[in-house]
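**Q** One structure, as structure tokens, below. Some questions next.
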Amino acid sequence: MQHPDSILTLLKKSEEFLKKKEIPSARLDAEILLADLLNLQRVKLYVNFERLLNETEKNAYRERILERSKNKPTAYITSQKAFYNSIFFVNENVLIPRPETEELVEKVLSDFKGNIGEQNVLDLCTGSGCIGISLKLARKDWNITLSDISKEALEVATKNAIQILGEEKHIQFLESDLFLSIPKESKFNLIVTNPPYIPISDKAEMMKDVIDYEPHLALFLENPKDFLSTLIAQAYERLVEGGKLYMEILPSLSETIISDSIAKGWENGKIEKDLSGKERFVILTR
């Protein structure tokens, strides 16, 4: 019989509790929260499953499980999220990085293989900085600018740049509503963005952990099509000839965005599907 304070027993009890609260992936969340608390890899929980937690550890774990039972995302409880081979600090001022955005980073790096030299790159609506910082890690010779309308989001991005890249000076940070505060003389070879694109009318269909905790400024729009059209038009003016815009978008808007953009002077455009088969990405060339 397992001791009531052992790792294995506490995991089982936590899983049962979270399931009763209708939390998806209850077991996984229970493991992540405990492994992070004990500073262990998840697999090490089972190597040490007979280990007993002390009173302080038990209380801290109980508090974490209670937070998760109220739909608080695991990433906000642990203050971190893995993204493209790095661990990013996150809080409720930034969107939690998604696997689809990792795919966006991968597409950029795949398209820009080889020694193409120095590139000026803008990560627009940067949030945690996960896109721009991941690109900088892979391509040291790229000049990266991170911009966001939210001062609090830029503070998170700055913290991540320091922790992951070693020195803040590797990247430029700009607080800006789209391109409004970005110097007009600044021209970019590449703009990458995961902007807000979910219609506010779809809000009720979202999971409670998203609605209750993630920043609505980074998610929802009254009119995504108009917002994205404005973004695309402004991006055109800031790209060099032959420059590219990579966007994560609402799949239902992909065809419209491509046709409208070509009609307004973009050289070409293409749609890329994510791993689930949705038309998630638009790539435009000036």
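Placement of Cβ uses the backbone N, Cα and C atoms for every residue, glycine included.
Take a look at what Swiss-Prot says about it:
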{"type": "BINDING", "residues": "Asp148, Asn194", "note": "S-adenosyl-L-methionine binding site"}
{"type": "BINDING", "residues": "Asn194, Pro195, Pro196, Tyr197", "note": "substrate binding site"}
**Q** Please report the three-state DSSP label of Tyr197 (substrate binding site).
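**A** DSSP call for Tyr197 (substrate binding site): coil, neither helix nor strand.
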**Q** Run through the Cβ atoms and count how many others sit within 10 Å of the one on Asn194 (S-adenosyl-L-methionine binding site).
**A** 25
**Q** Residues near the substrate site, Asn194, Pro195, Pro196, Tyr197 excluded, by Cβ within 8 Å of the Cβ center?
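**A** Neighbours within 8 Å of the Cβ centroid, excluding Asn194, Pro195, Pro196, Tyr197: Cys125, Thr193, Ile198, Ala218, Leu219, Leu221, Leu228, Met247, Glu248, Ile249.
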**Q** Taking just the CA atoms, what is the gap between Pro195 (substrate binding site) and Asp148 (S-adenosyl-L-methionine binding site) in Å?
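**A** With the alpha carbons as reference points, the distance is 10 Å.
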**Q** Is it possible to get the count of other C-beta atoms within 10 angstroms of the C-beta of Asp148 (S-adenosyl-L-methionine binding site)?
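**A** Around the Cβ of Asp148 (S-adenosyl-L-methionine binding site), 27 other Cβ atoms lie within 10 Å.
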